[in-house]
Amino acid sequence: MPFIENQTTTAEPIVPVDVKGKDAFHKLVDDLSAVLGPSSGLDSDDVDPKDIQKLMEGYVSNHEEWQRYALADESRAYTRNLVDEGNGKSNLLILVWNPGKSSPIHDHANAHCVMKILHGSLKEHRYDWPEQDKINNGEACPLTVTKETILRENEVAYMSDKLGLHKISNPDPNDFAISLHLYTPPNAAHFGCSLFDEKTGKSHHIKQCTFFSNRGLKL
């Protein structure tokens with residue numbers, strides 16, 4: 001399903017197009033950018049995530065439309081592949097999850113995250129924030145799981161720092177999972193995010209969440 005690094009193709013796949021010449025996936029990309037506005041400034045309070053969720057829910061996944069962006073690397077847990085930057089207001093990514101692998105527990109750098117499953121399924125573990133007083137005093141504050149959810153193909157989920165922390169994993173030991181993520185504003189790419197230890201609650205900041213590819217080209 002995904003393009004493994006060093007894999008080559010001999011021809012572009014044939015995909016259905018609408019009357020304007022764009023397939024449904026690329027029309028979704030344009031529509032998401034339009035919702036975020038052409039030029040005005042943006043912070044996370046200016047966006048209604050329900051509008052983004054509605055657009056993503058309306059798209060039925062077709063791998064021929066997005067496969068060119070789904071670059072995989074078997075040496076890492078998952079890859080983050082940039083599809084679009086939404087007039088500078090967001091990052092739209094396709095993440096390719098290797099079988100049985102997961103993300104660290106992380107925050108979202110004060111941004112909205114809307115996620116759609118394009119292929120396979122993903123499991124979300126959601127956590128409460130650790131008690132900062134305990135962390136500041138050098139005490140362990142194990143993270144508490146508040147919710148576990150299995151997300152299947154074409155399902156959409158929303159996450160933000162107001163809802164806590166989370167970890168995403170691919171529960172299938174044999175197959176890739178592939179998901180579409182929209183982050184707005186694109187804070188993690190610009191400023192980094194924080195990763196958390198489940199047993200202690202302690203965090204460390206990573207300066208930048210890097211991309212594996214940009215619009216189908218490996219970086």
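Each Cβ is built from the backbone N, Cα and C atoms, and glycine gets one as well.
The Cβ of H166 (Fe cation binding site) has 22 other Cβ atoms within 10 Å, all protein chains considered. H166 (Fe cation binding site) falls within a strand when secondary structure is assigned with DSSP. Summarising the annotation, Swiss-Prot assigns Fe cation binding site to H106, H108, H166.
The binding-site residues listed here are H106, H108; among them, H108 has the most other Cβ atoms within 10 Å of its own Cβ. For the recorded Fe cation site, residues H106, H108, H166 set the reference point as the centre of their Cβ atoms, and the other residues of that chain within 8 Å of it by Cβ are S103, I105, D107, C113, M159, D161, L165, K167, C193.
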